Amino acid sequence: MGLCQSEEEKVGTLKSRAIDKEIKQLQTSEERTVKLLLLGAGECGKSTVLKQMRLLTSKQYTDEELLTQAKLVYTNIVIEMDHLVKAMPAAGLNFSDPMREHDVHMLTLYIKDMQHKNFQQDAADHVEKLWKDPVVKRLYAERKELNIRDIGDNTEYFFENLPRISKEDYHPNATDTLLLRTKTTGIVEVGFEIKKVKFRVFDVGGQRSERKKWIHCFEDVNAIIFIAALSEYNEVLFEDETTNRMIESMRLFESICNSRWFHNTNIILFLNKKDLFEEKIKKENIHKAFPEYRGEQNYAETVAFIKTKFEALSNNPKKTFYVHETCATDTNQVQKILDSVISMIIQSNLHKSGLY
């Protein structure tokens, strides 16, 4: 009888261990999931960084996703050209060729009914003719100074590629997808796996109206990647045309790094759009954002100054920041940085659980 009890106990013990193992595996699976929060003010390049993460995992887009992106490419091209030509009167500009007024009229008619799978060739022709007008190109080059809204930094790329994009069999290539301008509204979650570790990345709408929706929801994230656009030091907000965009980005960064929700959270700062900044700093003085700056007006010194300004915003002297200068559209550069950042996050957060 005692022997039978002993065998029963053994069986019970084995079952108990099996259940414990299963529970532990479920817990381990959750622990192995790294949660990242992508933050930054509007137009900073968050969506592009998220696309780069997807490229890092070699995750292919579905046919349905590509079709959606193609439609968005068409829409962006037409709408952004419409914004450009409508800004001409306020800028005191006229077309080089009066015939372009006809193209504007036809484009306006097309916009009223844009339910097309592909670009209509005549619509593409009108956009192409407008883009070839020197005055339109001049207006595009000066769009930031004139505060013309909703014109992306990569719009020129799509205008230049109109002959390819307007073809009946057009499918967005990797560059199209990466440079495609998309606005994040609300919270977008993307999941993927790198180095046998599952990631959940949350991209949050950057405009002021979006920010109150999320801050209390993400206290358990493993790290925050905060993105600030270097090139915005002489620009103002879309929502408030008196507020400098760099200063607004710094205010948001300050509120995040000093938030009680993220007191112990790693923060990685991407100073993005370095390529645009490098060109702009040659012509536009950084004093527009930082009148106290006394250094040389060159890339190295101004970026170093901006870094110190961001780092000084933290009230926690023990908090470590990882700062990278990035060009989110430069796949090779960003992929190397993301690989380094992801490795750091894995080691920093999962090593604590004894898994690595």
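Cβ atoms here come from the backbone N, Cα and C positions, even for glycine.
Quantities reported herein were computed from a predicted structural model and do not represent experimental measurements.
Going by Swiss-Prot, these are the annotated features:
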- GLY2: N-myristoyl glycine (LIPID)
- CYS4: S-palmitoyl cysteine (LIPID)
- 32-356: domain 'G-alpha' (DOMAIN)
- 35-48: region 'G1 motif' (REGION)
- SER47, THR184: Mg(2+) binding site (BINDING)
- 176-184: region 'G2 motif' (REGION)
- 199-208: region 'G3 motif' (REGION)
- 268-275: region 'G4 motif' (REGION)
- 326-331: region 'G5 motif' (REGION)
Listed stretch, out of 35-48, 268-275, 326-331, that has the most CB pairs under 8 angstroms to the region 'G2 motif' (176-184): 35-48
For SER47 (Mg(2+) binding site), the three-state DSSP class is helix
Three-state composition of the region 'G2 motif' (176-184), taking helix and strand from DSSP: 4 helix, 0 strand, 5 coil
All chains considered, the count of other Cβ atoms within 10 Å of the Cβ of SER47 (Mg(2+) binding site) is 21
Average pLDDT across the region 'G5 motif' (326-331)? 89
